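Student: Below: one structure in structure tokens.
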Amino acid sequence: MRCLAARVNYKTLIIICALFTLVTVLLWNKCSSDKAIQFPRRSSSGFRVDGFEKRAAASESNNYMNHVAKQQSEEAFPQEQQKAPPVVGGFNSNVGSKVLGLKYEEIDCLINDEHTIKGRREGNEVFLPFTWVEKYFDVYGKVVQYDGYDRFEFSHSYSKVYAQRAPYHPDGVFMSFEGYNVEVRDRVKCISGVEGVPLSTQWGPQGYFYPIQIAQYGLSHYSKNLTEKPPHIEVYETAEDRDKNKPNDWTVPKGCFMANVADKSRFTNVKQFIAPETSEGVSLQLGNTKDFIISFDLKFLTNGSVSVVLETTEKNQLFTIHYVSNAQLIAFKERDIYYGIGPRTSWSTVTRDLVTDLRKGVGLSNTKAVKPTKIMPKKVVRLIAKGKGFLDNITISTTAHMAAFFAASDWLVRNQDEKGGWPIMVTRKLGEGFKSLEPGWYSAMAQGQAISTLVRAYLLTKDHIFLNSALRATAPYKFLSEQHGVKAVFMNKHDWYEEYPTTPSSFVLNGFMYSLIGLYDLKETAGEKLGKEARSLYERGMESLKAMLPLYDTGSGTIYDLRHFMLGIAPNLARWDYHTTHINQLQLLSTIDESPVFKEFVKRWKSYLKGSRAKHN
């Protein structure tokens, strides 16, 4: 190079170097363009989603979520699913594979000699679109993002088995009911202002009181009370002398009256109010932005109302919920929601969940389901009272689980008929081949869950009105379905307690096990003498369950009932949420009965959730 530099002018040398660099760059670019662009391949469990599969998975994600949401029922707890984020970056298979150099090609896939779908071939591997796999094999999957990367998650089932915390006791948590939220179900029209319990629209838009739903409402709040921390409670009014140092937040317009007066029946002071219906009413500023369970003691002397003004997430608009002294169920007009709470001419406590009352009012419809709404309260602004009456103990709290539990317990006591049952006043058609159940039928599941509720109320209060009601509830267990009871006999040998006392018998599994749990609660609580009948019914039922469990095992899942045996039709396979309910129930029973059969079935049925199958011949 030094020899060349000595003989060549430096300007010529610069030109030669520049030409050499240009040639090098051109050759480099040409070589790079001839190479295929390779993308790093990420491993995934399950079926790969490439190209059009990704677009299909994204477009089907909403359908997937809607399908899972439909798995709700009064018997099985619906599982919440994480919604997959949308997937971007899909491309045409032919163009995409050429541009990006992917090693797959499109291939026709003939399905069962019936129809053809488009798949992907990569060497000896063939990939089918997951939208087809999902429907064909009844499996589930979604694309999720972790740290900015997409990952496809595949699952054989969508429902979850809850671990049994400890041996079951009649005064403890009821199964996994602390996870139930009965009042938010779209088939709950509202929480009745008069009764304080949910009104169901599951089988009719007119609404009716469904004992199973009411018992579940009580048991869920009882269980939440045991598993959640104590609520925060803000006291706004007690009418006592110690409140004199607090600022007077009551506004009393002209023509209205309010004063502290002594109530001899309560041995305390209360707030007396007089406010004509045509007036603005007397009002108490609240201003709570954290909690939305309001409670107050109330006694009306005339017709009246107590209204709560809410600031909402709906463009900060104000909505008012009116609790009125009439029997109207619920009404909604513009930004006013009305709940009838009855005359209330004697002292009673009104406890309302303002979130539920707001959303049920705004979502009010004439169909079976409440319309979905995103509206939420942001602030409890003030309380307004009209008419003539008395108020006391105005509070706002995080939760009021025991108020809900006792509302359900008291309803069960008040509405039990002379035969010991809770008649269901709506027609129920279980399926083709079964006679319709006309209004007034009993359900063993309702009897069992009601007993479990009443036993807990008795254990808390020692009030025998609850225990006596639970004892009377065993009567329908003793009578056959055609005798207006809930009993069926399988193969003239095994006693069974019917969730739906149909003709012919249906032998629904989960409802039967709930009826047994109720009998167990009662026999353990009532003692040797009073619990004798419950013990006998329980023992006969457990013998039947142990003998008949194999009839509900398909080798890959479970069966909801025995209609295939009774009617000679196709079996009614249990959805995954019912399957996990079966497992949860058996887990509970395995803690109170040492028979190994329950643990064996739990182990096998759990494996079905992961895709295991029984061996073939």
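Here the Cβ of each residue, glycine as well, is placed from N, Cα and C on the backbone.
Quick paste of what Swiss-Prot says about this protein:
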TRANSMEM  12-28  transmembrane segment
TOPO_DOM  29-617  topological domain 'Lumenal'
BINDING   Tyr180, 185-187, Gln202, Tyr210, Gln213, Gln216, 429-432, 499-500, Asn510, Tyr514, Tyr560, Arg563, 572-581  substrate binding site
SITE      Tyr180  site 'Critical for catalysis'
SITE      Arg187  site 'Critical for catalysis'
CARBOHYD  Asn225  N-linked glycosylation site
BINDING   Thr238, Glu240, Thr268, Asn269, Asp392  Ca(2+) binding site
CARBOHYD  Asn303  N-linked glycosylation site
CARBOHYD  Asn393  N-linked glycosylation site
SITE      Tyr560  site 'Critical for catalysis'
SITE      Tyr578  site 'Critical for catalysis'
Student: Expressed to the nearest Å, what is the distance separating Thr238 (Ca(2+) binding site) and Lys429 (substrate binding site) at their Cα atoms?
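Tutor: Given the Cα positions, Thr238 (Ca(2+) binding site) is 51 Å from Lys429 (substrate binding site).
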Student: Between Glu240 (Ca(2+) binding site) and Ala574 (substrate binding site), find the distance joining the two CA atoms and give it rounded to the nearest Å.
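Tutor: It is 58 Å, counting Cα to Cα.
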Student: About how far apart, in whole Å, are the alpha carbons (Cα) of Asn393 (N-linked glycosylation site) and Tyr578 (substrate binding site)?
Tutor: 43
Student: Considering only the recorded positions Arg187, Lys429, Glu499, Tyr560, Tyr578, which residue has the minimal Cα-Cα separation from Asp392 (Ca(2+) binding site)?
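Tutor: Checking each of Arg187, Lys429, Glu499, Tyr560, Tyr578 against Asp392 (Ca(2+) binding site), the shortest Cα distance is to Arg187.
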Student: Look up Tyr578 (substrate binding site) in the DSSP assignment and report helix, strand or coil.
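Tutor: For Tyr578 (substrate binding site) - judged by DSSP and reduced to three states - the answer is helix.
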Student: For each of Glu240, Asp392, Glu499, count the other CB atoms within 10 A of its CB; which of these binding-site residues has the top count?
Tutor: Glu499
Student: Tell me the Cα distance separating Arg187 (site 'Critical for catalysis') from Tyr180 (substrate binding site), rounded to the nearest angstrom.
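Tutor: Cα to Cα, Tyr180 (substrate binding site) and Arg187 (site 'Critical for catalysis') are separated by 14 Å.
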Student: Rounded to a whole angstrom, what is the C-alpha distance between Thr268 (Ca(2+) binding site) and Asn303 (N-linked glycosylation site)?
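Tutor: Given the Cα positions, Thr268 (Ca(2+) binding site) is 24 Å from Asn303 (N-linked glycosylation site).
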Student: Roughly how many angstrom lie between the C-alpha atoms of Ala574 (substrate binding site) and Arg187 (site 'Critical for catalysis')?
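Tutor: Given the Cα positions, Ala574 (substrate binding site) is 21 Å from Arg187 (site 'Critical for catalysis').
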Student: Using Cα-Cα distances with a 10 Å cut-off, which of the binding-site residues Gln202, Lys429, Glu499, Tyr560 are near Arg187 (site 'Critical for catalysis')?
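Tutor: For Arg187 (site 'Critical for catalysis'), the binding-site residues whose Cα atoms are within 10 Å come to Gln202.
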Student: Within a 10 Å radius of its Cβ, which of these binding-site residues (Gln202, Thr238, Thr268) has the fewest neighbouring Cβ atoms?
Tutor: Thr268
Student: If you count CB neighbours within 10 Å, which one among the recorded positions Asn225, Asn269, Asn303, Asn393 has the smallest count?
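Tutor: So among Asn225, Asn269, Asn303, Asn393, the recorded positions given, the one with the fewest Cβ atoms within 10 Å is Asn303.
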Student: In whole Å, how far is Asn269 (Ca(2+) binding site) from Asn303 (N-linked glycosylation site) when you measure between their Cα atoms?
Tutor: 22
Student: Just the number: how many Å between the Cα atoms of Tyr578 (substrate binding site) and Asn225 (N-linked glycosylation site)?
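Tutor: That separation, Cα to Cα, works out to 25 Å.
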Student: Can you work out the mean pLDDT of the predicted model over the topological domain 'Lumenal' (29-617)?
Tutor: 89
